[in-house]
Amino acid sequence: MTTTTREPAIRVRAVTKSYQDLHVLRGVDFDVAPGSIFALLGSNGAGKTTLVRILSTLLRANTGTATVHGFDVASAPGDVRRSISLTGQFAAVDEVLTGRENLVLVAKLRHLRNPGAVADDMLARFSLTDAGNRRAGTYSGGMRRRLDIAMSLVGNPPVVFLDEPTTGLDPQARIEVWQTVKRLAKDGTTILLTTQYLDEAEQLADRIAILHQGVIIQNGTLAELKQLLPSAEVEYVAKQPTLEDVFLALVGDTADGAAMPAGGESR
Amino acid sequence: MTAHVLSDTGTLTGRSLRHILRSPDTIITTAITPVALMLLFVYVLGGAINTGSDESYINYMLPGILLITIASGIAYTAYRLFLDMKGGIFERFQSMPIARPAVLWAHVLTALVANLASIVIVTGVALIMGFRTGASVTDWFAAAGILILFTLALTWVAVIAGLSAKTVDGASAFSYPLIFLPFISSAFVPTDSMPGPVAWFAENQPVTSIVNTLRALFAQQPVGHDIWIALAWCAGLLVAAYAAATAIYRKKIS
């Protein structure tokens, strides 16, 4: 909180990480501006999760430096932890506890003043109020992911890491997560998300970096990345609905119904 | 950070105690094996065992049964810790501003509560089966203290197993030899009835001194130097297991 907001919320310099002779990260550099959404795009095994684990203090880099919210991840991990939240690839909810108990647990561990009220507020924000007193183990995949993200946002950390937040979700749940991410960024939270879905990066990110074999091979806005390819040829193609459009139209209850129109234009 | 060790440990202990309250079968199954052994030894084998004392056989063997209860109960600690690490909630905790030791201590304290509950059940069954003691309140406190120390020591062994296991089965398999240890001790038969090398092992392993101490406390006999050997074993095991567990933990989280 003492740092000026102008400097990058996340700064990564020459970070490397190897396991014996497996070089997972081979010198990664990038900055993430405060309040922006930064997508780290890469195929499986590109090193995305390793990088997120380093930035969230779960893992130490071999060399290089990384600061999050102005704090060095190696020398001030406690301050970093106070500034971040991590949503991993697998929903880290306690299945034996109810949704509400999960949120109260996190609120208590973040030493917030009124854990019960914080939990109720989160349940409402993530449309889980009705399910709040059910065990998280009985939740559907989408609800579990919503609870997971809600738990991450307890205490409003200024920097949020989302590691493949929509992997394994059905299309509706995916759109719900996207809406949540957009809303967060609008409120000023810095978001670093990893994904292997190109459309996800396209939909959400202010900047996109492509991580390939342990290095960032491109980093720019969507428009900048598109310019890397020869200019588009004008071709007339009948606009066919995608299967996703059809599915969503048939099932017909996206969370707010607002997410669909933008998707059709992106080609 | 250290300011939060106690409150964080309390919060996380509350969480894992809830796990136990919602699956009380873990306490029941912990108690079932010792109770079955007790029935077997008292009503089937016990009649043929000459303990060389005029105590009833159930009085003779209850201390060993209590140690078996603890040894089988701690397997759940390793199991629960393993599941936490597997499920991602461990990483969530590690990425939060939580006092680091709290995560382990919560599991240890929960194990203590769960094991004491199992011990109360087993002792209750023993009372129904005819266990009697004239032990004073101080004797009971001394016995409880030794049982708690033994539980703590074995729980930290379980933490090592839970932290380093690769599979669920591996996380609980370590407890089988521990459950077996009381059989090669003075718990069920006097050690001088055993052949030389076995008797030597039985007399010099930790269970015998603990069993003898508990038995003396329950029978209001002088505990002799057995209590110091028992305390030394428990304290030594506790320190060694705690050091090993925290070293593994630190390696795991950095």
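Using N, Cα and C of the backbone, Cβ positions are placed for all residues, glycine too.
Note that TrEMBL annotation is computational and uncurated.
Taken from TrEMBL as is:
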DOMAIN    B:25-252  domain 'ABC transmembrane type-2'
TRANSMEM  B:27-49  transmembrane segment
TRANSMEM  B:61-82  transmembrane segment
TRANSMEM  B:103-128  transmembrane segment
TRANSMEM  B:140-161  transmembrane segment
TRANSMEM  B:173-191  transmembrane segment
TRANSMEM  B:227-249  transmembrane segment
#### Entry: Distal contacts, the transmembrane segment (B:103-128) - CB-CB under 8 A, six or more residues away
5, 9, 11-13, 15-17, 19-20, 26-28, 30-31, 34-35, 38, 58, 62, 65-66, 69-70, 73-74, 76-77, 80-81, 84, 90, 93-94, 147-148, 151-152, 155-156, 158-159, 162, 245-246, 249
### Message
Quick test of the contact rule: Cβ under 8 Å, at least six residues beyond the ends. What residues does that give for the transmembrane segment (B:61-82)?
### Response
16, 19, 26, 30-31, 33-34, 37-38, 41-42, 46, 104, 107-108, 110-111, 114-115, 118-119, 122-123, 126, 131, 147, 150-151, 154-155, 157-159, 161-163, 165, 168, 171-172, 174-175, 178-179, 181-182, 185-188, 207, 210-211, 214-215, 218
### Query
Which bits of the chain, at least 6 residues beyond where the transmembrane segment (B:173-191) starts or stops, bring a Cβ under 8 A of a Cβ in it?
33, 41, 49, 51-52, 61, 63-65, 67-68, 71-72, 74-75, 78, 154, 157-158, 161, 198-199, 201-203, 205-208, 211-212
